[in-house]
Amino acid sequence: MALPSRILLWKLVLLQSSAVLLHSGSSVPAAAGSSVVSESAVSWEAGARAVLRCQSPRMVWTQDRLHDRQRVLHWDLRGPGGGPARRLLDLYSAGEQRVYEARDRGRLELSASAFDDGNFSLLIRAVEETDAGLYTCNLHHHYCHLYESLAVRLEVTDGPPATPAYWDGEKEVLAVARGAPALLTCVNRGHVWTDRHVEEAQQVVHWDRQPPGVPHDRADRLLDLYASGERRAYGPLFLRDRVAVGADAFERGDFSLRIEPLEVADEGTYSCHLHHHYCGLHERRVFHLTVAEPHAEPPPRGSPGNGSSHSGAPGPDPTLARGHNVINVIVPESRAHFFQQLGYVLATLLLFILLLVTVLLAARRRRGGYEYSDQKSGKSKGKDVNLAEFAVAAGDQMLYRSEDIQLDYKNNILKERAELAHSPLPAKYIDLDKGFRKENCK
């Protein structure tokens, strides 16, 4: 008889669970994290130490020392007459189960795979009169600092109830006959309750900075912090050496940014981003930082000046406005920019070489043309000789020699020589027939 009764009991449990799930509106997993945005305006004097507060206890990771006991389920009962609730049992994600009262051992049961499938329902094998009251299913996540609760009211009747389960507008109400089994449904299949990940690898904190006039989507990254201990620093060099976050930030949940000493150029909007992907935490805090000029300290009253006991140094001119400090930041060029400039230089050099070769070829061709024209003119002069030109030249010479040059000579000898020189040469007579006659005589 034990086996059929056990089969009948589990059939009843499955029937009640399928009926109750239709009325359980709280079985939908709640949001594990909320997006919180806080915005504040802060101001410090230049040279002071600025601290931008960014704290969150939900980002503390040291509670992972609990290993797999950071997720726990509690079932509590508050009687019909009110009064404080009493703890019935606990179930840890490692599988450890604890029942507080001896009378409930073996009578109250939970599924051993509750933290795997998200079914945290409580089974009461045989309902008694003292079991009536308000039951609460409490889920705690110590690591993510999450708390979720679900309430179910149990009514015990003498006979079979007319309505086994219904919804009263706030919670589920379950009516069960005395001695019958009861299943108090509590289902939450959120990944934060059913999955286990490496939490340290899913926590990261970012600090961003927006200079004045720069939109949020073009903000500069200052710091990256990881729960594993890795840190990355970005941003301009003049600011990188003056900002810091505590080394024990993830141990205390304090990610406040310290800037020391503060300069006028540090003005802008700073954002602290907290991300915990495992716990579903995404927070962003915004700080509008303004930097004021430091107040000038008054000179001591006893300082000498212009022979008097009071300071005679002229005070600052109120009409002159103090300018802001200008810091030139030289950003190193990338390798791609270097190759681009090198390409420009090589292209310019190649163009210059081509231009030089073109000029040389043109000059050489022009020089060859001149030589060819000179050779051609020389040949033409050697072939065509005009004897008339020579005759004219000889006549000119004779006319030149026949000119009467009036010279004053010291003696007659010189005068005669000069006349002989200017007189035309006597024509030479050549007897052509003489040679012919000699040949005939032979």
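Every residue, even glycine, has its Cβ placed from backbone N, Cα and C.
It should be emphasised that the depicted structure is a prediction, and the values quoted were computed from it without experimental measurement.
The disulfide bond feature in Swiss-Prot is assigned to Cys54-Cys137, Cys186-Cys272; the stated evidence is sequence analysis. The domain 'Ig-like V-type 1' feature in Swiss-Prot is assigned to 29-157. According to Swiss-Prot, the domain 'Ig-like V-type 2' annotation covers 160-288. Per Swiss-Prot, the feature N-linked glycosylation site maps to Asn119, Asn306. Taken from Swiss-Prot, the feature region 'Disordered' covers 294-318. What Swiss-Prot lists as signal peptide is 1-19, and the listing cites sequence analysis. The topological domain 'Extracellular' annotation in Swiss-Prot covers 20-341. Per Swiss-Prot, the feature topological domain 'Cytoplasmic' maps to 363-442. The transmembrane segment annotation in Swiss-Prot covers 342-362, and the record cites sequence analysis as its basis.
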Inset, instruction - Within 10 Å of each Cβ, count the other Cβ atoms and name the one among the disulfide-bonded residues Cys54, Cys137, Cys186, Cys272 with the highest count. - result: Cys186
Legend entry - Three-class DSSP secondary structure - Asn119 (N-linked glycosylation site): strand
Legend entry - Helix, strand and coil totals (DSSP H, G, I; E, B; other) for the domain 'Ig-like V-type 2' (160-288): 22 helix, 54 strand, 53 coil
Inset, instruction - Check the domain 'Ig-like V-type 1' (29-157) for me and report the mean pLDDT. - result: 85
Inset, instruction - Select the closest residue to Asn119 (N-linked glycosylation site) from the following disulfide-bonded residues, measuring between CA atoms: Cys54, Cys137, Cys186, Cys272. - result: Cys186
Legend entry - Cα separation, Cys186 (disulfide bond) to Cys137 (disulfide bond) (Å, whole number): 7
Inset, instruction - Round to a whole number and give the Cα-to-Cα distance in Å for the pair Cys272 (disulfide bond) and Cys54 (disulfide bond). - result: 7
Legend entry - Separation of alpha carbons, Cys186 (disulfide bond) and Cys54 (disulfide bond) (Å): 36
Legend entry - Secondary structure composition of the domain 'Ig-like V-type 1' (29-157) [DSSP: H/G/I, E/B, coil]: 21 helix, 62 strand, 46 coil
